[in-house]
Amino acid sequence: MRPAIVIFLLLLLLFAPFVLDAYTQYLVNLALSYSLVCLGLNLLLGYAGQFSFANAAFMGIGAYTYALLTSRLGVPSLVALPAAGMAATALGMVVAGPALRLSTVYLAMTSLAFAELVQWTFIHWSAVTLGTDGVRVRWPAVGSYVAQGDKNTFYVVLVVVAISYWSALRIVRSKLGRAFLAIRQGETLARCSGIDVERTKTIAYAISAFYAGIGGALFALTIRFIVPDGFGLVQLVLQFSMVLIGGLGSLLGGLVGSLLLTVMPELLRNVEAYQEMLYGVLLVLFVIFMPRGIVGLLGRLGLVPQEILVRGAVAYFDARRRKHSGL
Amino acid sequence: MSELLTLIAAGLEVGSLYALMALGLVLIYRTQSIVNFAHGELLMAGAFVGYVAFQPMSWPFPVALVLAVLSSTLLGVAVERVVIRPLVNHPHATLAMATVGVSVAVRGAARLPFGSDILTFPPIISAAPVFIGSLVISAQTVLTIVLAVSISVAVFLLIWKTRLGREIRATQQNYLGAKVVGINTGKIYSSSWAVASAIGGAAGVLAAPLTLLYPDMGATFLLKGFAAAVLGGFGNPLGAIVGGIAIGILEKLVGAYFSTYLIEISPYVIIIVVVFVRPQGLFGRGQIVRV
Amino acid sequence: MLSLSRVVIGYGQLEVVHGVDLKVGKGELVAVLGPNGAGKSTLLNAIAGIIRIRSGAISLDDKSIGRLPSHLTCRAGVSLVPQGRELFLEMTVRENLELGVPASARRAGPERIEDVLRLFPRLRERIVQPAGGLSGGERAMLAIGRALVAHPSVLLLDEPTAGLAPKIVDHVRETLMALKAGGQTTILVEQNVNMALAVADSVYLMNSGKIARKEDVRESKDLFESFIG
Ligand SMILES: Nc1ncnc2c1ncn2[C@@H]1O[C@H](COP(=O)(O)OP(=O)(O)O)[C@@H](O)[C@H]1O
Ligand SMILES: [Mg+2]
């Protein structure tokens, strides 16, 4: 999109708190936080083509790091925020180690085990995490200014999200971003064109975890109370659904998906059963019928520029498996 | 000494259920190269159907077992037909996502009727415990182990001794070859899921008296099933059985001599350790590491 | 009799076979020759029901089989020896052969397997070994044997001699002659021109998804050799 349009939209957003009621404002903040978590997942899955179940754990680490640093140690928000990203990054590097040499099937199981382990730690390391009691999170503060209330918090969230998206855009358009795509399209080929596959994958995990961690921190300061079981399998399915529904391999897709899936469940009045059914069914439907997501559809209809979707972004998901090739 | 034996008996009891879980996972994996993340929900469905038949309806246990097995089978076959079949040529990641979606959707559906409280399933039989020397084993434990062993034996006979089993193995070894000799591969897909889901449903009913019943109960069993299958070298049915029993016994020992907290994380730790230390599992086969 | 009319086949966006007509009379051995990528394997796979045809018709003894899935074309009497052999490598030679016997003819199985073992005595020596341990020639024989035990009305052979030693090629050729003498209807796809010309009643040339020409072999052997080179 043209920079002018983006700046115009951002300016428009600045006025959002004046027209939205407090609850809608809260939902917008939540959707924006999720959009960062999805940004992380999308970079790893949609761009670098790496499948792992660890994203919810990265988000959880970010959320807990931020919450514990600010609430229990009184660390300023502006320090705790990058710290949350860094903590998740550190974890991302740990996951990247085995991820480099595991086949998809084993990576899926191992990363799921890892995610469960992280959640278990949140629950049982109660000396630090306060266990199932959960952690209360204060309004964010910048210097002596406290962003009291959802409307003021919105500006904090908006700035962080805008910076993150801008930097992510720079990354996907850089040489590194092209290396991600090359790996997704085939490691052997990528290697032949001189890409250090191991290093690039590790970087992909690190960056993806960083955004998910920051997203987790924003999530924490938006909902202001976090509990350990918010970062399990259901969370992961929610994120998969958001990315897939929005559009895998499109930065805009993550944003669209988070907005939709944050608002839609509210229509179900927060009944857990219906929400789970919604996430699950939507995920399956989109995987089968619309693997390019909404942005992909808009692109095909010419409503958004095609370049918003990475070229061949879904080739990864359209690719046939060799066992049944052509049959 | 007798305490140790009692622990081992208890380990055998849960372990035989993990083994059933792993057996189903491996069967589906070998037929379609799919890791079924919804397998825990097949167990959960079986447990709830068994509960409804056995408790509120007060039907005899065998009837409850059969109903549970039938409904899990139906659910599994439906999932295969509706969700898996259209995606069968797609990459593992796509399929994994789809089965995760199914898993969460089924859990949500179960939460509607059963979400509000945690149910308990009474022991299936109230016969006197069995004495072996100084060892006392409850009739329930004996029944669970006997049924689990019978189910496993039946599955092995099916796979190794029947024409259907041979066709399943043929399809697993060479999909195109199976088509060439006139095997209806679609039927084989359905049959594999049917058998795997039936095992899952039976495991659910057997697990019900041991654990509480709640919509999320499948998750624990899924991970233990994964751990058992990984330990046995994902893809090897016999390895899955041995892996399941080993994990059952291990977890009882860890629980008794170390801490019960560790029981919960044992599957995760086992998966991670096996993947790092001996990725081919105890009975090495299957493609773990990228080629 | 097998007949194809205006058969079109493709993969995804790509159309690979563009309207092929082909007739194979009862007891005939028809060879299809052509360069790599001509679409020969695609054509055989389509006749066997493994790939769907886009349009056109395939019929076997006046029964339409063009839209049937592979297990039904098999039942209708079509047996394919695929280019990649596609054996069950972890099963023994006998199990591979047994799987070739249709469920409806299970009783006749041992006898049919015995016939194949007479045809390929090498397989008898290996009968209890897993197919994964066979040599290339033995694999070709097993693949052919696995198709024969179905007693197919039409046998489809996709480059059965590719990569084999000359002696084994001779053996396969003699086997094909014997089968033809026994009245077996066959389509043989080959790169080995001499082999094809030696056994075929008639030869089709296939190029870029089209049947280029059809001649009677005995009349114009030279012409083909000059065409294919
Ligand atoms: N599974 C497949 N997917 C896509 N294209 C294919 C596939 N198999 C074959 N093709 C293409 O179809 C054409 C014909 O292939 P094939 O039938 O194998 O030729 P032949 O057997 O004559 O060598 C080739 O251009 C090949 O690239
Ligand atoms: Mg070919």
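From the backbone N, Cα and C atoms, a Cβ is placed for every residue, glycine too.
A quick note: this is a predicted structure, and the numbers were derived from the prediction, not measured.
Features reported for this protein in TrEMBL:
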TRANSMEM  B:6-27  transmembrane segment
TRANSMEM  B:34-53  transmembrane segment
TRANSMEM  B:59-79  transmembrane segment
TRANSMEM  B:130-160  transmembrane segment
TRANSMEM  B:193-214  transmembrane segment
TRANSMEM  B:226-250  transmembrane segment
TRANSMEM  B:257-277  transmembrane segment
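Counting Cβ pairs closer than 8 Å and at least 6 residues apart in sequence, the transmembrane segment (B:34-53) and the transmembrane segment (B:257-277) reach fewer than three and form no contact. Ranking B:6-27, B:130-160, B:193-214, B:257-277 by CB pairs under 8 A with the transmembrane segment (B:226-250) puts B:6-27 at the top. Sequence-distant contacts of the transmembrane segment (B:130-160), counting only residues of its own chain at least 6 positions beyond either end whose CB sits under 8 Å from a CB of the stretch, comprise 1-2, 5-6, 9-10, 12-13, 16-17, 19-20, 23, 27, 123-124, 168-169, 195, 199, 202-203, 206, 209-210, 237, 241. Only residues 6 or more beyond the boundaries of the transmembrane segment (B:193-214), in the same chain, are considered here, and those with a CB under 8 A from a CB of the stretch are 13-14, 17, 20-21, 23-25, 27-28, 36, 39, 42-51, 64-65, 68-73, 75-77, 79-80, 84, 114, 118-124, 140, 144, 147-148, 151, 155, 158, 220-221.
Within the chain carrying the transmembrane segment (B:6-27), a Cβ under 8 angstroms from the stretch's Cβ atoms is held by residues 35-36, 39-40, 42-43, 135-137, 141, 144-145, 148-149, 151-152, 155, 192, 195-197, 199-200, 202-203, 206-207, 210, 221-222, 224-229, 232, 234-237, 239-253, 256, all 6 or more beyond its ends. Among residues of the same chain six or more beyond the transmembrane segment (B:257-277), those with a C-beta under 8 A of the stretch's C-beta atoms are 220, 223-224, 226-227, 230-231, 247, 250-251, 288.
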